[in-house]
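Listed in Swiss-Prot:
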BINDING   C69, C71, C87, C90  Zn(2+) binding site
BINDING   D489, D491, D493  Mg(2+) binding site
Amino acid sequence: MIDRYKHQQLRIGLVSPQQITAWANKILPNGEMVGEVTKPYTFHYKSNKPEKDGLFCERIFGPIKSGICACGNYRVIGDEKEDPKFCEQCGVESVDSRIRRYQMGYIKLACPVTHVWYLKRLPSYIANLSDRPLKELEGLVYCDFSFARPIAKKPTFLRLRGSFEYEIQSRKYSIPLFFTTQCFNLFRNREISTGAGAIREQLADPDLRIITDRSLVEWKELGEERSAENEWEDKKIVRRKDFLVRRMELAKHLLRTNVEPERMVLCLLPVLPPELRPIIQIDGGKPMSSDINELYRRVIYRNNTLIDPLTTSRSTPGESVMCQEKLVQEAVDTLLDNGIRGQPMRDGHNKVYKSFSDVIEGKEGRFRETLLGKRVDYSGRSVIVVGPSLSLHRCGLPREIAIELFQTFVIRGLIRQHVASNIGIAKSKIREKEPIVWEILQKVMEGHPVLLNRAPTLHRLGIQAFQPILVEGRAICLHPLVRKGFNADFDGDQMAVHVPLSLEAQAEARLLMFSHMNLLSPAIGDPISVPTQDMLIGLYVLTIGNRRGICTNRYNPCNYRNYQNEIVDDNNYKYTKEKEPYFCSSYDALGAYRQKRIDLYSPLWLRWRLDQCVIASINREVPIEVQYESLGIYHEIHEHYRIVKSVKKEIVCIYIRTTVGHISFYREIEEAIQGFCRTY
């Protein structure tokens, strides 16, 4: 069992058969060793007790009830440091029943079986180490063909194949004619290698260092070869070099972790603890079993069927034994990863069995849901929305979430203030949502921070502390400047809220995790709470202007409504309600805006100094319209500016068409540039 105080990490890898037996084996006082599961049964149908040496055996996995053995006798549970106590009649150890959550068993396989993860998963580790095609290895594992064993300095029957006049195809029919059935089994075991045993021999034979050195030499030789004219040959060389790189990396990894490659072939199959594959009774007394149990039973049935001809019968045909070995291999494959070889196995209701891989992988698997993504108490989850009026270190919690998170604190407050005499009355007042409840909740929240987390938590700013306040609605309100630390957007993102309970957690939240204390990125040190979106939206609003065009409000003397306009005369500007006003300087335009004579987006004409001309191609653009005055002065009107020229065609002045928002933006940029120039 993993002790959370002693173990800091968990590593998944290949284990040796000796380690598997050490997990499961126990020695009884009479010298008998238990741990091997040999029967495919679970519970007896009459007594409803676990079958001996079955998948739920109490001798192997421990008692169902603490201190009560299979005989029904109760014994005092001793200390873990003391020698274990066993029942002399049934052999069940007197320990706590929680041992059934971590005590394992094993199945001794009658033939070696390859681990399907290392054979069928891409890239195939077995294919990489053996340097053989995956299809060839699959045919070997599932007994579709075999090959001769390399027996050096020994006379073998297969070396005499040149003495026969038969063709290669007829040899498989001619060889059995020279042997009896018993002798052919000896011949097959001595000279023919097939099944997972052949894979095990290939993985155990070469040294990993030799594999690395040979792969490196071949990789260098391929790199020195000149490029062929055939494109297909060049691609073939590139694929071979990539394969050699993967092979060297795999061999080096196995050397670093001290893992023997032959462990990819199983001789012992571990059996999970019973509490991890339970059998429960639903309404009506009908039992419900985990799919793992049915897959284990299938393995044991086929394994026992193979054991009988290997141990008792000497006249079993070789093809029958090979076929049964194939069935054992397929049963173990289904247990480890159902459906990896094609069509998955289904039950009587056409439902796919959930294999060991299905239990641990995916979002609902053992790791992501149970170990990593456990739902904890005193936590909630909701959509986040913008709270621009909030302080940087505050967040808005909906009343519905806040009353659930701080319910225990509110109950304590109600009892202390003698509003409720017990917990039941306090809960009823909370359900009725009396005003005193919200008052106490406000006081509780003032001294208690909360933690907000957005998945995935990729760095430490994915969890930050905030001071909560009550808000209406059902969404969590968040200041927009803390968005970047969470990598969140206000487009439907959800965040989890947690309540730190211990004093250490509250102190850490206040001193280290408050959002106003995490203004810099922990990776590069740049400011992370910067108003990027706010600045863009502000600039857009400031410079949106009036996009209806110059021709919309142009003065038309033929229009009768122009004579009804109210004219406002001033020394600095001329302004009418319908016509676009003229200003001599930006200060005059801003003054008119402050006096609410013009709008932020109202188009206006601003006089521009000739020495500050920034308009490109001012003399090449064709004007939209030309207006003449009585003294010979004329105006060339363009889309965004107008030029006033004298009789001699000299430029008198220039007016640009803009808005108050554009003027404010320009002045801010101008001041920033001047400040930068003074600094440097």
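We number each residue from 1, going along the chain as drawn.
Quick reminder: no glycine exception, Cβ is built from N, Cα and C everywhere.
Annotated features, which come from Swiss-Prot, shown on the structure.
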residue	record	Cβ within 10 Å
C69	Zn(2+) binding site	23
C71	Zn(2+) binding site	12
C87	Zn(2+) binding site	20
C90	Zn(2+) binding site	15
D489	Mg(2+) binding site	10
D491	Mg(2+) binding site	7
D493	Mg(2+) binding site	16
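Comparing CA positions across the binding-site residues D489, D491, D493, the one lying closest to C87 (Zn(2+) binding site) turns out to be D493.
Taking the C-alpha atom of C71 (Zn(2+) binding site) as reference, the shortest distance to any of the binding-site residues D489, D491, D493 belongs to D493. Considering only the binding-site residues D489, D491, D493, the residue whose Cα is spatially closest to the Cα of C69 (Zn(2+) binding site) is D493. Cα separation, C90 (Zn(2+) binding site) to D493 (Mg(2+) binding site), rounded: 58 Å. The Mg(2+) site is set by D489, D491, D493; from the centre of their CB atoms, other residues of the chain with a CB within 8 Å are I384, A488, F490, G492. The Zn(2+) site is set by C69, C71, C87, C90; from the centre of their CB atoms, other residues of the chain with a CB within 8 Å are A70, G72, N73, E88, Q89, G91, V92. DSSP gives C87 (Zn(2+) binding site) a coil state; it is part of no helix or strand.
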